[in-house]
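Just below is one structure, and these are the notes that go with it.
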Amino acid sequence: MDSNMSLGTISNFTTITESPIIGANQTEFDLWAVQMVSSFYLYYTPMLVFLGVIGNLVSIYVFYISKLRLQSTSQYLSALALSDTVFLLQLTPPWLSATQITGIFHRGGFCQVFVYISYVSCCLSAWLVVSFTLERFVAVIYPLRRNAVCTVARARYVIISIVLASLILNIPVLRFAVPSHNDCNIDREYLDHAARFNLVDTIVSFTIPLAGIVILNSWIMFGVWRLERTRRRLMKAERPRGRRRARCTRLLACQRAQQRVTRMLLIVSSVFVILNLPAYTFRVLAYAYDLNTDEIGGRWTALQQLSVMFFHTNFAINFMLYCLTGQNFRRALVQSVPWLRRRPCLANALRDDAVLPPRTGSLSMYTVCSS
C-alpha cells in the first residue's frame, strides 16, 4: 500500500494486506496490536470462508428443495447466499498472499478481477438485504397488497435488475486496480478518479442501504407492535364460538407464521447493519479527515483491521441466523436433509413406546398462510 494514498481511496475495506503500514510515531503497544490482529486474521479467514461457504450452500439447497421455494422471500435469501459465497471465495487469494503461499493476488488480471468481484458482491449483498426488507415492509404495513406485490416473479425480476446494475456500476474498478510487488493497489494515474468513484461507492453500497434498512426496520417493528396490539384487543372484545372460532384460530396461525418470518428477516437485516457499521465508520472518518497511513497509529490500524473482519463475518453468518431464529427454516432443513430426517422418526418411535400423546404440528398450515 502506498503511504501517500488516502485510506478513503485505497479500497472498500475488503482485504487486509500481509504487512499493514502504520505511522512513524508508534509505541510498543501499537506494534503488538497490529501483530495480534494480523495473526488472528491469518487463522480466522480460512475458518470463516470454509464454514461460511458450507452454510450458504446449504441455505441455497434448503430454499430451493423445500416448500420455502414458493415464497418470494426465499428468492432474495438464495441470491444473498450466492452473493455472499462469491465474496467469501474471493477472500482466498489475498489470504494466500498474506501467508506467502502464492502471489496470484498480485498478478496482472487476477488483481483487477478479484477487486471487481469484491465490489460487485458487496453492492449486490447490500441491495438484496434492502430488497427483502422492503418486501417485508409491504407485507407488514400493507398486508392486503402482500399477495399482489410479494410474488416470486417480481422477486426474480428485482434480483436480476440488482445483479445487472452492480455489474455495470463497478466496471471502473477494472481500470483503477493495478498489481504491485506485494499488494493490489490503485493506478496512480487514476487516483483522483478512483477517489471520486470510491465516494460514490460508499454512498451507494453503504450509506443508502444502511440508512434504508434502519428506517424500514423501525417502521416494521412499529407495524408489528400495532398489529399485535389490535389483535389482542379484538380477542378480548370478542370470544368467537363454533366455526367462527375455528376460522379465527386459522387466521391467528397465519399471522404467527408471518410474524416468525418477519422476526427472522429483522434479525438478519439488523445483524447486517451492525457488522457493516464499524467498517463504514472507518471509511467515513478517512474521508472526513483525509487520513493517510502515515498519520495513524498502530492501534487505529488494528481497529480498522478488526472492522474488516467484522465486515467479512457478515457474509458467513446468515445460515446460523436462519437456524437460530427461523422455525420454518429449521423445519425445512430437517425435511430437506435425509440424515436429519431420520432423527425425528427415531424420536417419534421412542415417544410411541412410552405411550405419550403425539405432538401435533403441520408445515402445510405455514405453507398456505405464507405463500
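Using N, Cα and C of the backbone, Cβ positions are placed for all residues, glycine too.
Since this is a predicted model, take the numbers as computed values, not measurements.
As recorded in TrEMBL, the features of this protein are as follows:
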type	residues	note
DOMAIN	55-322	domain 'G-protein coupled receptors family 1 profile'
TRANSMEM	41-64	transmembrane segment
TRANSMEM	76-93	transmembrane segment
TRANSMEM	113-134	transmembrane segment
TRANSMEM	155-178	transmembrane segment
TRANSMEM	203-225	transmembrane segment
TRANSMEM	265-286	transmembrane segment
TRANSMEM	306-324	transmembrane segment
Quiz item: Should the transmembrane segment (265-286) and the transmembrane segment (41-64) be scored as in contact, given a threshold of at least 3 Cβ pairs under 8 Å and pairs 6 or more apart?
Solution: no
Self-check item: Closest-packing stretch to the transmembrane segment (155-178), where packing means Cβ pairs under 8 Å, from 41-64, 113-134, 203-225
Solution: 113-134
Self-check item: Beyond the flanks of the transmembrane segment (306-324) by at least 6 residues, Cβ under 8 Å
Solution: 13-16, 37, 40-41, 44-45, 48-49, 51-53, 55-56, 58-59, 77, 80-81, 84, 87-88, 91, 121, 125, 264, 267-268, 271-272, 275-276, 278-279, 281-282, 330, 333
